[in-house]
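Per TrEMBL, the features are:
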| type | residues | note |
| --- | --- | --- |
| DOMAIN | 69-870 | domain 'Myosin motor' |
| BINDING | G170, E171, S172, G173, A174, G175, K176, T177 | ATP binding site |
| REGION | 342-382 | region 'Disordered' |
| REGION | 749-771 | region 'Actin-binding' |
Amino acid sequence: RVEGAASRTRRRRKASALASAMTASLCWARPKGGAWVLAERTESGDVILPDGRTLDTLETAAHNVSHTLNLDDPTYMDDLHEAPLLDLLRRRFQQGTIYTWAGPDVLLSVNPFRTIPRLYDLPDGWRRAATAAAERKSSSTPPHVFSVAERAWRSVLSAAGTPQALVCNGESGAGKTEACRQMLRFIAHASADCRAVSAAAGGAKEEASKLEDAVLNTTCVLEAFGNARTKHNHNSSRFGKLTCLGVTPHGKGGVVSSCSFRTLLLERSRVAGQAAGERSFHVFYWLLEARGLDPDSYAMLGGTARSPAPPAATEAADTIYAASEEEAEGEAAEGRPEMDAKLAGGAEGEAAESEAAPGDTIADDPIAGGTDDGEVKTEAGEAAPSSELAVVEAALAALGFSAADVAGVWSTLLGLLELGNVAFIAPGGEGDSVRSEGGGSSLVEEAAPLERAAEALGVPAAKLQKALTMRTHTALAGRGSSSQIPLSPSEAAEARDALTRHLYQHVFDFLVLRLNAHLAPPSSGGKGGEEARSLMLLDIVGFEDVGSNSSSCSNSLEQLLINYANELLQRLFNAHVFEREAALYKAEGIDDAAVSYTSNDAVLAVLSAAPYGLIPLLEEQGKLGERGSSAAFSLEVFRHHGRTRHVAKPRRLSAGEADGRVFVVSHFAGDISYDSRHFVEKNVEALHKDLHDLLPLLAGYAKVVLATTMPTAPPPRWGKKKTAGKKVPSATAKIRGSFGISSTFTSQANALLETLQSGTPHFVRCLKPNSAQTGGDFDSALVLAQLNSLGVLETVRIRREGFPVRTDFAEVWALGWAAVVRVTPQASRLSAKQRAEAVLQRLPRDMWKLGHTKAFLRDGALGLLEAELAAEKAGSATAIQALARRRRASSQATLLAEARAKEEEERRAAEAAAAAEKAA
């Protein structure tokens, strides 16, 4: 009896819960500080979370049955907002589907932080399937980076030949580098396939070009010199890169005929020092590993002791230095004809063959880039047989670098590492010190690193030491007399770091120039031909905030410039999405006056508009020479922008932050704080006059590098010597440099924006699912912040502000025909558009508009039609049921009457028979 009672209680509770669920409606709910979850709203208005809790402080949003579908494109959802978008991305991420459309030309990519089998396989039929799908409509194309590349490839080869731009961005660790690498790989395969098909069909033997392989080889080279391990990513790109491909129609397709690179803002401050838990550029560690050297022995890489390198290291370095110097002198004596021809665009350089460097060769389709763990691997995913450096050396050899070139670059980098080991002490310090010329200046603590650095750079050690510890000051007034100013140990260390950063920037620029020369189109020799079309691929980090939410602000000038570039890209993205919506409305004959988008022009004006934008104010401090300072820049910022809504002081300051030094900018991505310390110094990147005068004295391969990147010596940044007989113009007499880093970068960024605006953009928005870089974890709050900063939620808002639901006339008729036919029976004979209009007239007029080919509805319109259809069906069902019951009751009554009549007849017959029998 006890078990029976418990069973009955469970059944009653289950029935009660079922009844409650049947009377409840689903909704989205978010507890304070939590994530969106699917909850139930009862008839009484209570919201029940999945764990059974009912909270008073809940944010709720509408739920639609389309929110539970596994759609490739969430813009086809009804009543779309951030909750179902996040839920869809989470569900697809957990299924291993990392790509999702967010409209016709926006792809969302979530970094899986794990290997997904066959994700980037390129079977022969893949391109044909993607092309066939793309010819039908964009929404039917599977979401993938290959689909984006395929669409851009087909568009650039179309009759119009409009330039195409693939814009890939996201925060560090979101997978930008891999996405760009795979799109470039797809394009290279498409070009190689076209060459192969053309050669097979033409009968004539066509020599397969190695340009596609060369383009892919550049990936590992630029990543080695421009990528580094950070707290957020083991292979983070620390520079922006625009890859410009020249595409020429060829046969039934097209081929890549040229390639060039434009780079933006290499984070060269990382060369001299890194934050805790981060590393310098990959190439330093790979080079030391290949030479058997310990990175901890080098202060530039975070080494604790500035001691001489081990004997084995010294011998290896000396051997490399000597070989490099001899080879570089030989090249200089010969005039470097190969390099000169390449830079001049001549055919001789194209035909010149480079000497192969020793080491393993890269596969036919090399993707020797960094993986999530920073390890360089080939396309097949197998580690290089020798070392990461061997892969880079093989790629350099394939890209036209001789063995002498490669050895010279390594020698220069080792020289920079030795230069970073040069330490300074105040006069009178103890140790193996070497006294500098000019009493009172700093002393070099250890002579050995200085001598090795000087030998690698091909300059006398005494001159290098003097340039690092003394500064020549030329008076701007009077006769321009000069004086020698000794530098303190900290000033000498800053001069050393500035020289190191300066030289590494030249090495990086040298590599880019050589790559561009090697990949330049061959000279046509005056022959006519179709002009190459432009296909661009931009890889740049998204909005960066490395410390606003931590105990102290870590954002500096580099982050400000990166975020300025992202503001420009965001304006391009917002305008493109809005223009796409406006074009659709115009094509359908619908007024788009009600649609608008959030403009970030005010933020861009605060950052760059003359004369009081943040960047012009920073440049002005640089022009003040030694009178300019970062503290003065901060004061100017608050003086001109302290009362605006886009610049403010932080609400709370940590113990290490001085009041007035930190300012907050309201970016499109949110509020980001910046510490103005060293802004002016970083912007000017001052090499004082003695260091500038030292550059022409460099020998060895450093001389080859500088001769390529700066054929004419630049003017010194710390004052200019007065020319005899000529008056120095007052406008330039007191400046450190005509243009600082920020001015140069803004010019490059605006030129980049103009280049992108000349073509049709395709966006790949990369998302990082969690900060721990672990597979399977999806942090909804983190992803939501990225969706906001990348403008994806703005895209959703633009669609919702207009008519986000677009559906065919037939679907509208299917939802409302019952109600219309009941009132207007002849409506079924109308056209499809007229039938849809007859249905929609039952809704408020501001909820719908009819285009030429489809109906445009507000959020909730389809729900009203579905509810009306359900009510109409329910009414019809009730009427049918009533009719059936009435007929059944009538039938039963008739049968009953007949039975009673028969019974009465039988009774009467029986009575008559009884009466007759009685009478008888």
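Residue numbering: from 1, along the chain as shown.
Glycine residues also receive a Cβ, built from the backbone N, Cα and C atoms like all the rest.
Features per TrEMBL, on structure.
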| residue | record | CB count, 10 Å |
| --- | --- | --- |
| G170 | ATP binding site | 25 |
| E171 | ATP binding site | 24 |
| S172 | ATP binding site | 19 |
| G173 | ATP binding site | 25 |
| A174 | ATP binding site | 25 |
| G175 | ATP binding site | 24 |
| K176 | ATP binding site | 26 |
| T177 | ATP binding site | 25 |
When secondary structure is assigned with DSSP, how many helix, strand and coil residues does the region 'Actin-binding' (749-771) contain? 9 helix, 8 strand, 6 coil
Surrounding the recorded ATP site, with Cβ no more than 8 Å from the Cβ centroid of G170, E171, S172, G173, A174, G175, K176, T177 and those residues left out, we find N111, N233, S236, V541, G542, C766, K768
Across the region 'Actin-binding' (749-771), average pLDDT on the 0 to 100 scale: 93
